[in-house]
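Heads up, the thing below is written out as structure tokens.
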Amino acid sequence: MLPSTVQTLTLLLTSGGVLLSLYVSASLSYLLYSDVLLKFSSTKTTAPTMSLECTNASNAQTVNHSATKEMTFPPPEPEWTYPRLSCQGSTFQKALLISPHRFGEIKGNSAPLIIREPFVACGPKECRHFALTHYAAQPGGYYNGTRKDRNKLRHLVSVKLGKIPTVENSIFHMAAWSGSACHDGREWTYIGVDGPDNDALVKIKYGEAYTDTYHSYAHNILRTQESACNCIGGDCYLMITDGSASGISKCRFLKIREGRIIKEILPTGRVEHTEECTCGFASNKTIECACRDNSYTAKRPFVKLNVETDTAEIRLMCTKTYLDTPRPDDGSIAGPCESNGDKWLGGIKGGFVHQRMASKIGRWYSRTMSKTNRMGMELYVKYDGDPWTDSDALTLSGVMVSIEEPGWYSFGFEIKDKKCDVPCIGIEMVHDGGKDTWHSAATAIYCLMGSGQLLWDTVTGVDMAL
């Protein structure tokens, strides 16, 4: 809190005596909570002064005997952020397309970076568009290897949301082939994972300082979520996993405060394979995540993490609408909610975001239009219910990417308005040039706004042959 009283004492000395003037300012206070944000800037207070003139007949002269005392009040430290109710709306609409390679014509600093695994994270003042680059641009001469997931050149980069991730626009945060980031209300936390497959390392950066690390625990490609971590009251929660892409891979959550790990959380329940979780706040008490099982099922593992007890449990989503790719026909998996069903090896990160309302909650999901390939992207919603036990089909809201266009990873995030949060889903639209040329992505963003129906899909507008 600010000091309750600020006193400014101005002492004016004159040739005729001492004039003492005491000015006491009114108490300064501020209120900052989940739905109120007051922005302060440095305030300079100057005590009033008096100019005394002395004149004689022989030598007219003006003498200023006043003294001025200035005090600067520093702005209060920003407050931690908390989830708030979502802004009003009943449908998502196309908000933004970031298609860097529409500008891939000239080499140099203005050339777009070759990226993959984009995501967006937001603080109180701005959202940033993150991605993992191969330290190469298009056009350029370093296309070889840009289809690989892991190498020594990959870095976590970001630009302010709405800017094109070119060489000159991008901030390079750290070496990483897997990443995450989030804002706690005061500062950014950046997460990067790199290193050899059998001994990878989580690295944490808070603001400009590299602050902590976390070592591999299964020695099989330690990796993180490729979307935003989630902060409440200064505590940020990050999902990591370590294990085989075609077998067991048990996830953990790291509780991070001001860039330092203060607790690790080992989930219970259906823990065989959980990776690439997309997480958000269902309430001030619970973080929920829709994740990927690359090994056993096309159903999404669904995490509930209690931030009051720091405990987490995982079960499979029970809905008949299967969200992974590849996947069987909807409703074709027999048995209880925990039944895996048939699984073709592979999977994809899925978009997921909450719509928090006073009387109910909406959960929005994305999935590819194709059951077998990373093509197209649809948006689904389910109001209320429990994803662990509710077997009803999800409601199709609309098509964000047509089946003729690429639909790869997707993610969720929330933009902070003045008094509410705007839920959004982003889609990675990959230009897949194979092993012989560049391999990079555009990002489409859809956000909750207004009512009616989702009206228009997104195209990248990129011809790789040009």
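Cβ atoms here come from the backbone N, Cα and C positions, even for glycine.
Copied from Swiss-Prot, the annotated features are:
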type     : residues                                       : note
TOPO_DOM : 1-8                                            : topological domain 'Intravirion'
TRANSMEM : 9-31                                           : transmembrane segment
REGION   : 13-35                                          : region 'Involved in apical transport and lipid raft association'
TOPO_DOM : 32-466                                         : topological domain 'Virion surface'
REGION   : 38-86                                          : region 'Hypervariable stalk region'
CARBOHYD : Asn56                                          : N-linked glycosylation site
CARBOHYD : Asn64                                          : N-linked glycosylation site
REGION   : 89-466                                         : region 'Head of neuraminidase'
BINDING  : Arg116, Arg150, Glu275, Glu276, Arg292, Arg374 : substrate binding site
CARBOHYD : Asn144                                         : N-linked glycosylation site
ACT_SITE : Asp149                                         : active site, proton donor/acceptor
CARBOHYD : Asn284                                         : N-linked glycosylation site
BINDING  : Asp293, Thr297, Asp324, Gly346                 : Ca(2+) binding site
ACT_SITE : Tyr409                                         : active site, nucleophile
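Features recorded in Swiss-Prot, as mapped to the structure shown.
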residue	record	contacts (Cβ under 8 Å, 6+ apart)
Arg116	substrate binding site	Ala131, Leu132, Glu428, Val430, His439, Ser440, Ala441
Asn144	N-linked glycosylation site	none
Asp149	active site, proton donor/acceptor	Trp177
Arg150	substrate binding site	Trp177, Asp194, Asp197, Ile221
Glu276	substrate binding site	Arg223, Gln225, Glu226, Ser227, Cys291, Arg292, Gly347, Lys349, Tyr409
Asp293	Ca(2+) binding site	Glu272, His273, Thr274, Glu275, Lys299, Arg300, Pro301, Leu316, Asp324, Lys343, Gly347
Arg374	substrate binding site	Thr325, Ile348, Thr368, Pro406, Gly407, Trp408, Val430
Given Gly346 (Ca(2+) binding site) and Asn284 (N-linked glycosylation site), what distance in Å do their CA atoms have, once rounded to a whole number?
-> 34
Would you mind giving the whole-number mean pLDDT across the region 'Hypervariable stalk region' (38-86)?
-> 57
Under 8 Å Cβ-Cβ from Thr297 (Ca(2+) binding site), six or more apart in the same chain: what's there?
-> Leu316, Asp324, Asn340, Gly341, Lys343
CB neighbours of Gly346 (Ca(2+) binding site) within 10 A?
-> 16
Additional residues surrounding Ca(2+), by Cβ distance to the Asp293, Thr297, Asp324, Gly346 centre under 8 Å | His273, Arg292, Asn294, Ser295, Tyr296, Ala298, Lys299, Arg300, Pro326, Arg327, Lys343, Gly347
Just how spread out is the substrate site if you go by the largest Cα to Cα distance in Å among Arg116, Arg150, Glu275, Glu276, Arg292, Arg374?
-> 20
Counting every protein chain shown, other Cβ atoms within 10 Å of the Cβ of Glu275 (substrate binding site) number 26
